Amino acid sequence: MVTIHKTNIEKAYDTAMEKAKKYQHPVLFSIVEKIDSVDPLSFYNEGISLFKGTRFLWKDRDHTITIAGLGSTKTISTEDDRDQFFAVEKEWKRFINEGVILSPENWIGTGPLLFGGFRFDPLNKRSLEWNDFENGTLQVPSFMLTKSKEADYLTLNMLCGPEHDEESLNEMIFLKDEIIRKAKFPSVPEEASVINIEDYKPQEWKNSVQNVVDELKDGEMEKVVLARKCKVSFEAPITSDFVLDNLWKQQPDSFIFSFEQNKSCFIGATPERLVKKTGEEVLSTCLAGSIARGSSLDEDEKFGEELLNDEKNRYEHHLVVENIHQALEPFCNELSMPAKPGLMKMKDIQHLYTPVVGRAAAQTSLLNMIEKLHPTPALGGVPRDRALHVIRQEEKMDRGLYAGPVGWMDAYGNGEFAVAIRSGLLHEDESYLYAGCGIVADSDPESEFLETQMKFRSMLRALGGNIHG
Ligand SMILES: C=C(O[C@@H]1C=C(C(=O)O)C=C[C@H]1O)C(=O)O
Ligand SMILES: [Mg+2]
């Protein structure tokens, strides 16, 4: 990778051309600049006519960064389940090493950046609704807005190669300026009305929970996370812009993500971080164990106390803490977490929460950690392989990207992936929502069912479904 800290576009472009000649194929040319503040939702919406099907948006739950991407300069996808994280890492490194980045500084989350997600279980049978996504689907956008606490940045990524000429560079720069200019006007996404909400075989799901409880009582497994889906139909095709706008307003303390591929969009607002890496700093989150929000402050606190002292939920949570600690330990020189969980309160639900902080050893990449972490017992179970086998048998559905890792990484090794829960798939005038819960030997099918209902609420509300509050 050649990083040129000068604003000499022509010179940098010539360097990229020389590299392309040397490699005999087009190489990445990336330009980063600081810009005046732009609203990320307007930027995303501005891309609807030219880039629908290739847009993404990410906002973290700590409000440190928002990234919106339009277009696709490069796609990295994995078909094969074996070593898929390694395969992505290898292709990504080669792509950035061969390219040229023109940037005044290596600002976090700017320049060439890979955004995308991985299927929860690449070994499970695929169903039609997930056809627009591969096992791993990641892309480098053509135009990207990065909004950090310090400033707003615009990245332009393009391929430059023997058969590309300077005219395409000028066209891209013109288009970039147009997008920024138009994104200054606030966006008003088009609404679509819900006409039907259908739960998939609720009784069968409760029976599956009972089957799993019976198996857990045998004592060979400790936890299995079972999920279910519901289908929401609209009177007209629904745009991700509308849902994103709602999530943005309704779930300020979640990771918000939207990931369009062709005619589908995977979208959600999840409270759960899988792993974040900034320089050497590593953050992860153990999140498992749930209870409703109270209707008054007193009731809410009472529920919180109940959750903190509930043995079944503490056990659900403990398994996640133990497993995440084990997974990260080999990668970190320091690793610490509080001895007891606290509470994380979302709009519709509260969870037991244990933050994890570490310092990564040299050469540790985000993808190395994701490979070991995913799926944590918050979404898979203990022991992992046995739980995955039970999930395939009992759920009888394809989770797709739900519960998988979704997020981004930049060319400097920074990035963040969340666990894609509280999420759904939009496809034309239909949408599929997914929610699950941790089943342990003490689980009761009826209360687990109610827990999934609470977990559907955030997405149902964002789709314009009839939710009170
Ligand atoms: C599986 C989901 O959530 C997970 C399960 C939880 C539980 O069972 O208590 C809590 C948080 C998440 O780890 C979901 O939201 O779909
Ligand atoms: Mg639970």
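Keep in mind that glycine also has a Cβ here, set from the backbone N, Cα and C atoms.
Keep in mind the model is a prediction, meaning the values are calculated, not measured.
As annotated by TrEMBL, active site, proton acceptor applies to Lys223. For the recorded site, Lys223 (active site, proton acceptor), the DSSP three-state label reads strand. Around the Cβ of Lys223 (active site, proton acceptor), the same chain contributes Leu216, Glu316, Leu319, Pro377, Gly381, Val382, Ala387, Gly438, Ile439, Val440, each under 8 angstroms and 6 or more positions distant in sequence.
Taking the Cβ of Glu272 (active site, proton donor) as reference, residues of its chain lying under 8 Å away and at least six apart in sequence are, in sequence order, Phe255, Thr285, Leu287, Ala378, Ala418, Val419, Ile421. Secondary structure at Glu272 (active site, proton donor), taken from DSSP and collapsed to helix, strand or coil, is coil. Annotation comment: TrEMBL describes Glu272 as active site, proton donor.
The Mg(2+) binding site annotation in TrEMBL covers Glu316, Glu451. Glu316 (Mg(2+) binding site) falls within a helical segment according to DSSP.
Annotation source TrEMBL lists domain 'Chorismate-utilising enzyme C-terminal' at 202-455.
With the fewest other Cβ atoms inside 10 Å of its Cβ, the least crowded of the binding-site residues Glu316, Glu451 in this structure is Glu451.
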